[in-house]
Amino acid sequence: MDMRVLAQLLGLLLLCFPGARCDIQMTQSPSSLSASVGDRVTITCRASQGISSWLAWYQQKPEKAPKSLIYAASSLQSGVPSRFSGSGSGTDFTLTISSLQPEDFATYYCQQYNSYP
């Protein structure tokens, strides 16, 4: 069974909150991908300048609020399955799903939350 997994850039309203470095541009790739249950899926996020490890990953399903998966680039939120992992620092980051499950059909976002200017 093919699964469609979308990776899209999070809107400016979530990328730029008070005190954030909103001059930092985030680029995700791929913009979309097709994968099957059991596949290893990798989504990358690149910052236009170094953000140390100030990066979070979110999963959003239709008609649902975004769910936090990863914070500080590689720390798994409580209750998130261990098949999700994050890595990277500086400008290049990766979200990996080690074995895609049917419930992982969703849109995935990265968000930078670099320190105050």
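Placement of Cβ uses the backbone N, Cα and C atoms for every residue, glycine included.
The Cβ of CYS45 (disulfide bond) lies under 8 Å from the Cβ of MET26, THR27, GLN28, LEU55, TRP57, GLY88, ASP92, PHE93, THR94, LEU95, CYS110, each of these being in the same chain and 6 or more residues away along the sequence. Residues or ranges marked as disulfide bond by Swiss-Prot: CYS45-CYS110.
If you look up Swiss-Prot, you'll see 24-117 marked as domain 'Ig-like'. Under DSSP, the residues of the domain 'Ig-like' (24-117) split into helix, strand and coil as follows: 3 helix, 47 strand, 44 coil.
According to Swiss-Prot, the region 'Framework-1' annotation covers 23-45, on the basis of similarity to another entry.
Look at Swiss-Prot and you will find 46-56 tagged as region 'Complementarity-determining-1', backed by similarity to another entry. Per-residue pLDDT, averaged across the region 'Complementarity-determining-1' (46-56), gives 94.
The region 'Framework-2' feature in Swiss-Prot is assigned to 57-71; the stated evidence is similarity to another entry.
Residues annotated as region 'Complementarity-determining-2' in Swiss-Prot: 72-78.
Sequence annotations record features per position, and here Swiss-Prot assigns region 'Framework-3' to 79-110 based on similarity to another entry.
Summarising the annotation, Swiss-Prot assigns region 'Complementarity-determining-3' to 111-117.
Among the features that Swiss-Prot reports, signal peptide is placed at 1-22, with the record citing sequence analysis.
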